[in-house]
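Colleague: Annotated domain 'Phosphoribosyl-AMP cyclohydrolase' per TrEMBL: A:31-104, in sequence order. Here TrEMBL flags A:D78, A:D80, A:D82 as Mg(2+) binding site. Annotated Zn(2+) binding site per TrEMBL: A:C79, A:C95, A:C102, in sequence order.
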There are 2 protein chains.
Amino acid sequence: MTATFDLDSLRLTADGLIPAIAQAETGEVLMMAWMNRASIEETLATGQVTYWSRSRQALWRKGETSGHVQRLIEFRVDCDRDCLLLIVDQTGPACHTNRRSCFYTAVREGEEVELMAPEA
Amino acid sequence: MTATFDLDSLRLTADGLIPAIAQAETGEVLMMAWMNRASIEETLATGQVTYWSRSRQALWRKGETSGHVQRLIEFRVDCDRDCLLLIVDQTGPACHTNRRSCFYTAVREGEEVELMAPEA
């Protein structure tokens, strides 16, 4: 059973945003960023992931300058329709620190542990 | 190299919240919810994941009524310190719809596709 996806069904914040989790096909969670309606439309239309940069208040075509693009493999919505999960094919590191994932810091017994180093 | 984890290093929203992604050890992304300082402290102290319910404006001890608890395996912070990734051992379904994950709806060629059914 399928139904046509309606962007209006998403529950955006007062600022018109929705969190989007990017996950590699291997299962690794790469990053979390925000999308707005325009970035979702562009992502679905082009297959290249585009976020909304809250700091720059502009569309953020992931990898546009770095080359570290994300090709959309699957677009998922959660039960409450207030969070997105993007399965992506990540070129290069996802993180601006040049690490594969932004979640490279673990907290173990109150201490921070670095899980991965920047890529060469 | 390790450093003591300081809760004050987290960048919370104006409401004092931070998004937290729960991921199973298998890699499956189960849900996204919000935490505040008290819920983070309780989660780290008890090893049982506690969120902040924005709708109820109260601590949400995941599974307290359903039994579908999340045991914390690892607590991770992202590069910007404005998002958490919790690796968890999930008892039963994570989603209130009785599905393993809240992200059970995919959008494929404009149509919604249900990826998993509620558990029995």
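Cβ atoms are placed via backbone N, Cα and C, with glycine included.
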Colleague: Within 10 Å of its Cβ, which one of these binding-site residues (A:C79, A:C95, A:C102) has the largest number of other Cβ atoms?
Modeller: A:C102
Colleague: Determine the Cβ neighbour count for A:D82 (Mg(2+) binding site): the number of other Cβ atoms within 10 Å of its Cβ.
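Modeller: Excluding its own Cβ, the number within 10 Å is 16.
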Colleague: Here are some binding-site residues: A:D78, A:D80. Which one has the most Cβ atoms within 10 Å of its Cβ?
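Modeller: The residue with the most neighbouring Cβ atoms within 10 Å is A:D78.
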Colleague: Taking the domain 'Phosphoribosyl-AMP cyclohydrolase' (A:31-104) alone, what is its mean pLDDT?
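Modeller: Computed over the domain 'Phosphoribosyl-AMP cyclohydrolase' (A:31-104), the mean pLDDT is 97 on the 0 to 100 scale.
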Colleague: Of the residues in the domain 'Phosphoribosyl-AMP cyclohydrolase' (A:31-104), how many are helix, strand and coil by DSSP?
Modeller: 10 helix, 29 strand, 35 coil
Colleague: Between A:C95 (Zn(2+) binding site) and A:D80 (Mg(2+) binding site), how far is it from one CA atom to the other, in Å?
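Modeller: Checking the Cα atoms of A:C95 (Zn(2+) binding site) and A:D80 (Mg(2+) binding site) gives a distance of 28 Å.
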Colleague: What's the CA to CA span in angstrom from A:D80 (Mg(2+) binding site) over to A:C102 (Zn(2+) binding site)?
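Modeller: Cα of A:D80 (Mg(2+) binding site) to Cα of A:C102 (Zn(2+) binding site) measures 25 Å after rounding.
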Colleague: Calculate the distance in Å between the alpha carbons (Cα) of A:D82 (Mg(2+) binding site) and A:C102 (Zn(2+) binding site), and round it to a whole number.
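Modeller: Answer for this pair: 22 Å between alpha carbons.
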Colleague: Can you give me the Cα-Cα distance between A:D78 (Mg(2+) binding site) and A:C102 (Zn(2+) binding site) in Å, rounded to a whole number?
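Modeller: Cα of A:D78 (Mg(2+) binding site) to Cα of A:C102 (Zn(2+) binding site) measures 22 Å after rounding.
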